[in-house]
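If you look up TrEMBL, you'll see 1-21 marked as signal peptide. Residues annotated as domain 'Thioredoxin' in TrEMBL: 4-134, 353-476. Residues or ranges marked as disulfide bond by TrEMBL: 51-54, 395-398.
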């Protein structure tokens, strides 16, 4: 019986060991250098067990570690709760502030660079495989077909030699964008024939839109910037779904973004996308067109001034100037209508829609309740210094700041003719087109000196003392209450005291 129990316990422990086996290496202060430094390539995650972002990443990280093990690329992790001193000594940011920690670094023989790739299994694998390759891979007729389809975007240079123009410029682009695209070079005449090109030539292969595109400009004189811009232009599909995974590609492109909001369960979803495709292709030089999940990103639709949950919906966003051009939701979305609207936008004859809450009937608090319609009038009052808090109702940090911001308003209540302490619900009010200001988080605090149009950022702590010190340092106007006002207040108080005394005597 005892032997049976012992065997059962041993079997259970063995099973648990198999279940818990991981291809992710555990690193500590003691073994970090000896494990990481000899490796030509390794990905290391610095995490905390309580971090929600880390928990979400964990299964993807494990799967990627198993897949990459076959390619001799190792993934490792450091528990920054157990190794707090080590993590802090190595400049890991975010621990323990803000209740989250997730830092990923790519190490090459002990030297690291930040990991900037996706956080899903396939994305991690693709990113690390690219890191393991030379910036420019050697391509021959034997591996050309496989290489052309090895990633979403593949650039191949067909040259008579590895030093012939534009090889140096091509290599410079490859080194800069090795994390973004796959680069290859071939001098194999059989590869030229298989590809149907005459060297020198650059060809971009894609898994979307046109499968292959040859560089259309004079190639011998092409510099790295020209090659880079050509690849970037073609790396964005005519129309594709936008999500958190690829949003930065569009944000960094410098072009306005045209959204087609769709219900993903709509049986006509693909029909709507194909309806817009010719318009997207026609204006690709001017805008990037995308479709987006209107159910999942309904809040984003409202932020872009599509106020009804009515799909499909269409809106153009000028991200550089934070301007929004929504299509009238009372009208049917058609290719002709979107074409006409986009043409007006390109011709700069389309007017943006500015969202604004109603102007308050009265201002009863020491903090001015600012709305979009009054922004220019209030903030650009040349006679006043103005300090504005841009907040969101749902923002926890904003809620915590409110009593302090109210106290700041109370502090300067007697000098409202010289300074305005204001607040604006930034998700409900748009900034006018003339305002050179971007709100990227909440709360955002901006100070404008009297007589200027420039804004100063407040980056200090959120204590009342620090806010007061900032105002006193930057205000152009004197913020000391006038003696006349003080005398007036004393006179009023004295009259009230005398009134109460007389009234008491009569009783």
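Each residue, glycine too, has its Cβ placed from N, Cα and C.
Curation does not apply to TrEMBL; its annotations are automatic.
Averaged across the domain 'Thioredoxin' (4-134), pLDDT in this predicted model comes to 82. Assigned with DSSP, the residues of the domain 'Thioredoxin' (353-476) fall into helix, strand and coil as follows: 38 helix, 25 strand, 61 coil. Residue 54 (disulfide bond) has a Cβ environment of 21 other Cβ atoms inside 10 Å. All protein chains included, residue 51 (disulfide bond) registers 21 other Cβ atoms within 10 Å of its own Cβ.
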